[in-house]
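A.B. asks: Quick one: structure below, then a few questions.
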Ligand code: PMP
């Protein structure tokens, strides 16, 4: 059996060597006679796995001791409410930037707890660009400023870190985490659902500046209280042990690739290749302002959208899978996270060229 090139936005393709190692260790992890899945989360073995994963993540992302790293559950979506519950403190309002479907979901959930001030929106332009920061109507008494560095569905990515002054900056890095170097010290809180660049779905990694802990509203569910999770080493209850272990294998793999800097260079090259091809071939189009095109999620349309299903069928026949765009926008989308090899992007471009020649 050969592996397909899986362009799914998430759960997404994982490095083959990671899956092979997980397979090899499945029945008997290093002579323990059991799978990691069957181990007590309190066992020395699992605690070692968990601590190693955190240490590797800290090294990869450059996370200082001023930050706690939490391995939580409930995906990135659960953070949409966890964040306001924990960070509002005495304040009543929070600032949000609206650049697409994921920003909107975060905003809708925050509105249940806070007066949400949408400081800028690119909705009128179809979320094709990022509003210039000079135009943002931020407020100095916001509890935090939330933004979505990469809109997974729209394929829109910031090429700058917003300046939030003394207001803590909060970022949903679900689809861009570890894809290129980022200065963590600029953030109050970073969160990322794991199923793109980290590991299996369900797990969500939260990186929080320690001075922001301990401010949760009293009605905050215990399982959503960052202070409780931090105090208990993310083991207040039974954590998602197997996902945590797999994330650890992915971090080791990423280190072996040369870390986030080397990966960023590969990702830039992969994305540029695909955009360059789309731009020169008039059969295909991408609607995003070139400055803010995502390196991770590349939506594109066919000149004649009645050919969409033929395109997907032909792609499938070549082992190029999950290229349909999100159900809310249609068209196509190629998600090319860290684990998508450059050869996968080359195979996609070759197929797109052949299809356009045949049907264009
Ligand atoms: N934020 C972004 C940017 C995402 O891409 C996603 C998932 N595609 C989510 C949040 C939601 O993640 P989850 O399904 O893990 O809740």
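Cβ atoms here come from the backbone N, Cα and C positions, even for glycine.
In TrEMBL, annotation is done automatically, which means it is predicted and not curated.
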A.B. asks: Given that TrEMBL lists 76, 77, 102, 172, 195, 237, 238 as binding pyridoxal 5'-phosphate, which residue among 138, 140, 152 does it place in the same site?
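C.D. replies: Answer per TrEMBL: 152.
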A.B. asks: Can you tell me how spread out the pyridoxal 5'-phosphate site is, meaning the largest CA to CA distance among 76, 77, 102, 152, 172, 195, 237, 238, in Å?
C.D. replies: 30
A.B. asks: From 42, 196, 237, 238, which recorded positions have a C-beta atom under 6 Å away from some atom of ligand 1?
C.D. replies: none
A.B. asks: Taking Cα atoms as reference points, rank the binding-site residues 76, 102, 195, 238 by distance from residue 42 (L-glutamate binding site) and give the first.
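C.D. replies: Going through 76, 102, 195, 238 one by one, the Cα closest to that of residue 42 (L-glutamate binding site) is 238.
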A.B. asks: Quick one, of the recorded positions 42, 196, which Cβ has the fewest other Cβ within 10 Å?
C.D. replies: 42
A.B. asks: I want to verify one value. Collapsing DSSP to three states, which class is residue 77 (pyridoxal 5'-phosphate binding site)?
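C.D. replies: The residue in question, residue 77 (pyridoxal 5'-phosphate binding site), is helix (DSSP, three-state).
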